[in-house]
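Copied over from TrEMBL:
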type	residues	note
COMPBIAS	A:340-349	compositional bias 'Basic and acidic residues'
REGION	A:325-349	region 'Disordered'
TRANSMEM	A:40-59	transmembrane segment
TRANSMEM	A:88-109	transmembrane segment
TRANSMEM	A:116-134	transmembrane segment
TRANSMEM	A:165-193	transmembrane segment
TRANSMEM	A:214-234	transmembrane segment
TRANSMEM	A:254-275	transmembrane segment
TRANSMEM	A:287-307	transmembrane segment
Amino acid sequence: MNAKSISAQWRPAAILGLLVLLLIAPFVLPTYPLSVLTEILIFTLFAMSLNIVLGYAGLPSLGHSAFFGTGGYAVGLLAKYFGTPAPLALLIAVVAGIVLALITGPFVLRTHGAYFLILTLSLTQVLFGIVWLWRRVTGGDDGLPGIPTPKLPFLLGRVSDTANFYYLTLIVVGIAIATIAWVVRSPFGLALVGIRENERYLEGLGYPTWTLKYVAYALAGGYGALAGGLFAYFKGFVGPGQISWLLAGEGMVMVILGGAGTFWGPAIGTILVLLLRYEVSAFTQRWVMILGIVFILTVLLLPQGIVRLPNRIRELRAQLQREAPLPRPRAPAHQTPSERTVEQVIERS
Amino acid sequence: MPVNTASLVIGLSYASLLFLVSVGLSVVFGLMRFVNLATGSLYLIGGYIGWSVARSTGNFLLALVAGALAALVVGILIERGFLQRLHRKELLQVCLTLGVAYIVQDVTRWIWGGDPLRLRPPELLRGSMELFGSVVPIYRVALIGIGAVLAVLVWYLLERTKWGAYVRAGVDDLEMVECLGINARRIFAIVFSLGALLCGLGGALGTPVTGVAPGTDIQLQLMALIVVVIGGLGSVTGAIIASIVVALVDTIVRTFWPEASFFAVWALAALVLIVRPQGLLGRAA
C-alpha cells in the first residue's frame, strides 16, 4: 500500500478533525483571531467558487469579484430598502450572482485564454463604474454602510456576537463547500476537467462543452455571490472595493498558490494570503515583497500549488535516497471511472 | 469644437507611451502565449532609473538610455531566470510575473519613496508652442514624433525583414516554425528583451508627462492589456491602432466626464471583445 492511499484512508478522519477544531474555535480564540478566521472561511468559499472556472474548467477569469460584489450589493440593498431577513437575502444574492453569470456568460465564453481574462476583467470594471456612478442607489464610493449582522437565534445570548456570526458563516460556508465537493466529483465536474485538458476531444466524445462551461460559470457566479453576501454582513458594509479587480486578482492568486484544480488548494491559498496580509504586515512593512517572493517560490518549487507539498517532499526524499521517484498511484481495478476522485484524474492527466 | 488640438496632442502623446509599453507585450503574447504582468513594472523601472540619472547628470538623453537599459536587464533576468521553464503554463506565468511586479513595486517604493516623482523635460523641449491655433506643450509634440518613429521602426522590423517574418510565423504556428529549424526560443528571448527595452524607454520618456509613483505600474499594465487585446494578440498594426484609440478615448472622456474616465476604456474593451472576441486585428483563435 503506497502513501497516497494511506492519506486517502485518513481523509474522512482529517475532515472530521478539522470540523471539530472549527467548531470549538470560538471557545479558544479571542475576538480578533476569530474574526480573521471568519474572513478566511468567507474567502475560502470565494476562492473555491473561482476554482470551479479557473481550476477545473481552465477558464482564466480575472473578473470573479463582479459576483462577489453583486452578492454584497444584493444583501446591502435588500437590507437598506426592504429590511429583508438574512436567509432570504443570501438566497437572492445567490440568484443575482447566477443571473449575472447567465447574462455575461454567452459573451465571455466566446473568447479564449488571454481574451477571456481581459473580457471578464473589463466587464467587472464596467460593473464597478456603474456602481460608482449610480450614487443615488448604490451610494457611490461611500457604499452602503450599516448592514445589520444576522445572528443565529438558537445561539443568542449564549455566545458573543462575533462567535455567533462565525457559526453562521461556518454553517453556510460548510454547506456550500460540501455541495462544491459534490459538484466537482460528479460526472459534470470530471467533464469540466476534461474540457480544461482537451476541449476538442471532449466535444468529439459528444459532450456539450459549451453548455458545461456555461453551467460552471453560472455555478461559480452563484457561490461567489454567496461569499460576497456573507462578507457584506461580516463587514456591515458594502462598497465598490468589493467589486474591484484587485479582489479578483487576489482570488486568482489564492487559487493558483494553493493549487488550481485541486479541491483543498484554494483553502490553503486563502489562509496563506490572508495570514500574510494580517500577520506579516503587523511586524514588517515589506509584506508586499514577501508575498511576491512567495508567489515566485511557489511557481518554481511547487508549480501545482502548495497543496502538493507532501507529494513533493516525498518525491524529493525518494530522489535523495537515489531511488526513482514514486510511481504515480494507479486507481484500483475494481473502481469504476465515475468513482475516481478529481485529484486522481488530475494526477493521471 | 469639442475636441481641440490640445486634447488631441495630449491623447496622441499618451498613445505613444501606450504603444511603447504594449507592443512588446502583444508580440510576446502572440508568439508564446506568454502573459507578462510585469510589463508595467518594467515601465516603472525605466521611469525611476531615468529620473535618478537625469537628476544626477542633468542629461536627459543619458536618462533615456539608462532607463531603457535598466528595463532591458531586468527583462533579460526575468526571461532567462524564470520564463524559459514556464512555456505554455499561463496560470503559473500570471502568478510568477505578478510576484515580480509585487517585488519591483516594493523595492522601488523602498528606494524612491511613495511620492510621485516628475522630471522636467530637457531644455530644448521645454515650454509650449502654437499648433493649429492652440497652445500645446512642446514635449508632448516631441513625444508623438518619437512614438511615430519607433512605431514605424518596429513595424518595419516585424513586417518587412526576414527576422520579422520568423516572428510572425511564430505567432501563427510556433510548432511549425520550430520544425523548419528556426530557433523559436532565441526569437522569443530577443522579442522579449526588445519589448522590455521599449517599456523602459517608455517609462523614461513618460516621466515628464505621467510622473512615476507606486501605482503607475498597475495603471500602465492595465492600459497595456486593454491595448493588446483590443488590437489583437501579436499584431503590431493592431497595437498601433489600439494605442491611439484607447489613448484618445481616455483623454476625451477625462476632459468631458472625469468621473467616468477610469472605466470608459474598460467599456470600450468589453464592447470590442463582445463584438470581436479576437480583437480588432487578431486572427480567430
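The backbone N, Cα and C atoms fix where each Cβ goes, glycine too.
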(request) For the transmembrane segment (A:214-234), could you work out the same-chain residues 6 or more beyond its ends whose Cβ comes under 8 Å from its Cβ atoms? (result) 35, 38-39, 42-43, 45-46, 48-50, 52-53, 56-57, 59, 61, 64, 67-76, 86, 89-90, 93-98, 100-102, 105-106, 108-109, 147, 149-150, 165, 169, 172-173, 176, 180, 183, 188, 192, 242
(request) Return yes if the transmembrane segment (A:88-109) and the transmembrane segment (A:116-134) have at least 3 CB pairs under 8 Å (sequence gap of 6 or more), otherwise no. (result) yes
(message) With CB pairs under 8 Å as the measure, which of the listed stretches A:165-193, A:254-275, A:287-307 comes out on top against the transmembrane segment (A:40-59)?
(response) A:254-275
(message) Can you tell me which parts of the same chain pack against the transmembrane segment (A:165-193), counting only residues 6+ beyond its ends and a CB-CB cutoff under 8 A?
(response) 19, 22-23, 25-26, 34-35, 37-38, 41-42, 44-45, 48-49, 52, 56-57, 86, 90, 149-152, 155, 159, 202, 207, 212-213, 215-216, 219, 223, 226-227, 230, 233-234, 261, 263, 338, 340-342, 345-346, 349
(request) Quickly jot the same-chain residues contacting the transmembrane segment (A:254-275) by Cβ under 8 Å, restricted to those at least six beyond its ends, or write none. (result) 36, 39-40, 43-44, 46-48, 50-51, 54-56, 58, 181, 184, 193, 196, 291, 294-295, 298, 304-308, 342-343, 346
